[in-house]
Structure formats: C-alpha cells, structure tokens
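Trainee: My structure is below; once you've seen it, I'll send some questions.
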C-alpha cells in the first residue's frame, strides 16, 4: 500500500450550524442602532407628511415631486425593518445603501424647494425632510461600510448580538490561506524530516530537497500534508520516493561497510523508508497523523478559547469547522493563524485564530 492511500483524509460531516432567516422581531429589538435610527426616521417622516398635507390643503403652492420622495422614504423604512426582522441586512447591504442614497437625493431636493418657500406649514415639511436627509446620510455611512470598519465596529459594539462578522475580512482571510497553501506533498516532508534527523542529508549534496513553504496553520508537519491531497501528484511522489529509497539504501550500505559498529542502527534507518511503508515505525506515524482530528486525547487540548464571532466553515476545505459566537472551544495548538480545536459536540478541525480569544479561567467564559 502506497503512502498516498494512507494519508487520504476522511471527509468531514457537514456542518450542523444553519442560518435561520425566519421572521423574528427580537432581531430588530436586539440592535440599538436599528431601533434608534428607524424610530427617528419614522418621527421625521410623520413631521414631513403632516406638514406636506397641511401645506397642500391650503392655497399655498407645493412641489409635487416631494410627494414621491415622501412615499419612497416610507418604503425604505419598511424595507429596513423587514431586513432586520429576517436577519438579512448583510445580504442586502448594497441594495440598502443605493436605495438610501436615492432617498437622500430626493429629500435634499425637497428641502431646497421647501426651505425658501413662505408659510409655516411648509416650514414643518422642510424640517421633516431635513431630518430625513440627515438620517439617510448616517445610514449611508453605516450600511455602505464593511462590518470591519471602525465606525461599524463601534456602533455594533452596543448591539446585544455583538459585532457582526465581516464578509470582506473573511474573504481576504480565506484567499490568503489558499495562496499560502503548501505545494509540497506530505510524503516529501516525512522524508526530509527523517533524513535531516538521521544525518544523511549531508551525504546527498546536490539533490534538491523541497521544504515547506509556510507554517501558517499549525506547528506540526502533519497538517501541512492535509492541504495537498490531489491524486494527480501520486506518480511524481512515487518516483521521488523510489529515487530517495535508492539513495538511502546506497548510503546505508556504505555506512555498514565503513563502520560495523553502526550496522544495526543503519539497518533500522534503511528499513524505515520502505517504499510500500510496511514498516511498523512508519505505520505508527501515519496512524497518529490520521488520528490528528479524531482520536486526539483530552490531555492534548490544553487551552480553551472563546469565539468572538460566528464562523462558517469553507465547503471546499474538509478540515475547517464552524462555530457560534461566544462558543467555548478546546484548543491544542496556538501557533500560526490556524489552530487545531474541538467543539463541545466532539467535532474537531482547524479554526481561524483571529475569530477566537484564549481564556484563562471559568470567569472569562461568561463575559
């Protein structure tokens, strides 16, 4: 059996976390910014519509296009409330921003026509559209910015649900991780590490030794192997292994001839790199690697981390795991940008380190 068949990862079960977009008023009540801004918008809209009706009912001339601006603003307010209740604000941010920008133009145009007109009733209507223009400008700043922007983070910090996850940061994070993925097969790493530790590396001068191109995920070389499991590299890997086997055997034979005292040691080293990987030592190492996420003991998860934001695992990566905000995770390796972790339900895999925070004691779990 070749090594490529032994390191093929077992597919992970689909994530159990599903996003609920059912109608819930608590989604609206849990956001202070939504309640305060929409409430002010409703009050301003009532002032504008009241002043407009009073002004139009008299003999005073009233700009007719203002009626459409007031109706359009009402549709925007109702749409915002529905987006919050269905928890779809992040899905329609571009639509919300552009729609509010149009309403801002309508209201500022109406304010220009009403401010310089005569009559107290028109003054009330102009005050309403001016307030709506100010609120629309604040909405454009908030909904037009990413959730990772300083203003949005400060506003969302008052929300009961906490800071919203940033789609932009998430996309950049995954793109950076894909770009830094190691292109060296796991088999090469096993051989390179063993040759370097056994002292044979100096005997093969001129023979190219590929090295891992990154250590972004975890400190162990086992995880680097999981990032490259394409079957189209198996032929090149087998050719490399056979060539390396011949070189190691040659070096081992030369070592036996020159120094009989090291005969047993060199024989063990040569047998370790069997082409079919039938040796017990190598089999044990691969078994430990395959059990990296499934059979790891409780003692290895010596850290605890609290999730700062919710995270949805990438469907293309079988070793990412999803988690909820404020969820407590057990972590076994805290080096690099990706940590090995386990959820309370036993699901194990890797998590982005910038989405969690290490905690020291039980008192920090409830903060």
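Backbone N, Cα and C atoms are what each Cβ position is placed from, and that goes for glycine too.
If you look up Swiss-Prot, you'll see 259-272 marked as compositional bias 'Low complexity'. The annotation domain 'SH3' is assigned in Swiss-Prot to 300-361. Annotation source Swiss-Prot lists N-linked glycosylation site at 59, citing sequence analysis. What Swiss-Prot records for 166 is phosphoserine. Here Swiss-Prot flags 252-276 as region 'Disordered'. Among the features that Swiss-Prot reports, topological domain 'Cytoplasmic' is placed at 1-32, 87-93, 144-367, with the record citing sequence analysis. Here Swiss-Prot flags 54-65, 115-122 as topological domain 'Extracellular'. Annotated transmembrane segment per Swiss-Prot: 33-53, 66-86, 94-114, 123-143, in sequence order.
Describe the structural context of each listed feature in the structure shown, including burial, neighbouring residues and relevant distances.
Mentor: Using a 10 Å Cβ-Cβ cutoff, residue 166 (phosphoserine) registers 18 neighbours.
Here the topological domain 'Extracellular' (54-65) has long-range neighbours at 106, 109-110, 113-114, 117-119, 121-122, 124-125, meaning same-chain residues at least 6 beyond its ends whose C-beta is under 8 angstroms from one of its own.
DSSP labels the residues of the topological domain 'Cytoplasmic' (87-93) in these numbers: 4 helix, 0 strand, 3 coil.
Same-chain residues lying 6 or more positions outside the topological domain 'Extracellular' (115-122) and placing a CB less than 8 Å from one of its CB atoms are 51, 54-55, 58, 60-62, 130.
If you look at the transmembrane segment (33-53), the same-chain residues 6 or more away from its ends with a CB under 8 A from one of its CBs are 62, 66-67, 70, 73-74, 77, 80-81, 84, 121-129, 131-132, 135, 138-139, 142, 155-156, 158-159.
Within the chain carrying the transmembrane segment (94-114), a Cβ under 8 angstroms from the stretch's Cβ atoms is held by residues 63, 65-66, 68-70, 72-73, 76, 79-80, 83, 122-123, 125-126, 129-130, 132-133, 136-137, 139-140, 143-144, all 6 or more beyond its ends.
With a threshold of 8 Å between CB atoms, the same-chain residues lying at least 6 positions outside the transmembrane segment (123-143) that come near it are 33, 37, 40-41, 43-52, 54-55, 66, 69-70, 73, 89, 93, 96-97, 100-101, 103-104, 107-108, 110-111, 114-115, 117, 151-152, 155.
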Trainee: Could you break down the residues of the topological domain 'Extracellular' (54-65) into DSSP helix, strand and coil, giving a count for each?
Mentor: 5 helix, 0 strand, 7 coil
Trainee: What counts of helix, strand and coil residues does DSSP assign across the topological domain 'Extracellular' (115-122)?
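Mentor: Tallied per class, the topological domain 'Extracellular' (115-122) gives 4 helix, 0 strand, 4 coil.
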Trainee: Would you identify the secondary structure of residue 166 (phosphoserine) according to DSSP, in three states?
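Mentor: Residue 166 (phosphoserine) sits in coil per DSSP, no helix or strand.
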